[in-house]
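Colleague: I have a structure I would like to understand better, so I am pasting it below and will then ask my questions one at a time.
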Amino acid sequence: MKIYLVGGAVRDALLGLPVKDRDWVVVGSTPQEMLDAGYHQVGRDFPVFLHPQTHEEYALARTERKSGSGYTGFTCYAAPDVTLEDDLKRRDLTINALAQDDNGEIIDPYNGLGDLQNRLLRHVSPAFGEDPLRVLRVARFAARYAHLVFRIADETLTLMREMTHAGELEHLTPERVWKETESALTTRNPQVFFQVLRDCGALRVLFPEIDALFGVPAPAKWHPEIDTGIHTLMTLSMAAMLSPQVDVRFATLCHDLGKGLTPPELWPRHHGHGPAGVKLVEQLCQRLRVPNEIRDLARLVAEFHDLIHTFPMLNPKTIVKLFDSIDAWRKPQRVEQLALTSEADVRGRTGFESADYPQGRWLREAWEVAQSVPTKAVVEAGFKGVEIREELTRRRIAAVASWKEQRCPKPE
């Protein structure tokens, strides 16, 4: 029996990155030997065991053979005669097909070290094309390591295109697509994930609402980058700088979906694209089974982001109504989230990356004023039932009006 550290732990250690999880491969053993040594079996489809002390995963070396469609259509073979090289060959990328023995020596049968040094994401073997989930995984790795200037090998991108055109991605379940997307949204450069999907044709298959934005022009005065798809990825990049929250980043990604519905004869203007985009947000989220809380914020951002850009022109009643519409009284975090997504929208434009966004500050200040109006005073004044809500709203509007007169510049 020989045990090797494999995969991501070896890769990230070589890159000088923090190692989160460690996975091990056991060569020359059987399930019974593992059980006799005190390991606990957890794998159903193939033999995976938990270490009795560390609870880290130890998998028997195995091979995989394509036996059906999609990413689950594989037959696994695990036996003492499966070599380490056999096990590593089934992995997706060469940089993930590295192992380390107990002496610290790196075993590298597929030139993963060379690709690490050259910052290349390259598939190990043609078997890569048998698992459509790997298209998403490579896009996610490209986003995860974009700050280290990794790029996808030409032959790997070509294979990803072939897989997409062959319809392989249609076998992916919504849950797996969202899981990979959610992971990509946590990276430092989530926009790279969607750019890679577009480069291999997968964006049109998995995110047609986003793909439809490319080639749709916006007024050059407000959008020097002109192309709405490019603007969308720029805003996502900016959102990633402003907030680590997946819901803020996803909502920013979806903020302009309505522009994809504008008839070409009306280009480059997109009047009413915000409310129009709400249905597309719902459609995308329903298809991918996006969690409700993330979906709800994306809907609100699509509907109201342009309203916040015009904040100095909003009257106090409209401002308080906005807080009602986003359910800020019960979910106050939405005010900050809306401020951040709107700021990402403004700064996600060519030449505006460092622009100030005072509307965000005014939105936050107006919220502090409105929510500081005490409900208790309204009740103590004798108002009852529906009158309480009406009087509370009136007082909030008055408070915001007083604040706006002093703090918010009047529109010219």
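Each residue, glycine too, has its Cβ placed from N, Cα and C.
As listed in Swiss-Prot for this protein:
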BINDING   Gly8, Arg11, Arg91, Arg137, Arg140  CTP binding site
BINDING   Gly8, Arg11, Arg91, Arg137, Arg140  ATP binding site
BINDING   Asp21, Asp23  Mg(2+) binding site
DOMAIN    228-329  domain 'HD'
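Map the listed features onto the structure and describe their local environment.
Modeller: A helical conformation is recorded for Arg140 (CTP binding site) in the three-state DSSP classification.
According to DSSP, Arg11 (CTP binding site) is assigned to a helical segment. Within 10 Å of the C-beta of Arg11 (CTP binding site) there are 21 other C-beta atoms, taking all protein chains into account.
Cβ neighbours of Asp23 (Mg(2+) binding site) (same chain, under 8 Å, six or more residues apart in sequence): Leu5, Val6, Gly7, Gly8, Ala9, Glu56, Glu57, Ala59.
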Colleague: Other than Gly8, Arg11, Arg91, Arg137, Arg140, which residues of the same chain sit close to ATP? List them in sequence order, counting a residue when its Cβ is within 8 Å of the Cβ centroid of the site.
Modeller: Gly7, Asp92, Leu93, Ile95, Asn96, Phe141
Colleague: What does the structure give for the C-alpha distance between Arg140 (CTP binding site) and Asp21 (Mg(2+) binding site)? Integer Å is fine.
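Modeller: A Cα-Cα distance of 17 Å.
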Colleague: I need the CA-to-CA distance for Asp21 (Mg(2+) binding site) versus Arg91 (CTP binding site), whole Å please.
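Modeller: Cα to Cα, Asp21 (Mg(2+) binding site) and Arg91 (CTP binding site) are separated by 17 Å.
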Colleague: Enter the number of other CB atoms within 10 angstroms of the CB of Asp21 (Mg(2+) binding site).
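Modeller: If we count other Cβ atoms within 10 Å of Asp21 (Mg(2+) binding site), we arrive at 10.
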Colleague: Calculate the per-residue pLDDT averaged over the domain 'HD' (228-329) and state the result as an integer.
Modeller: 95
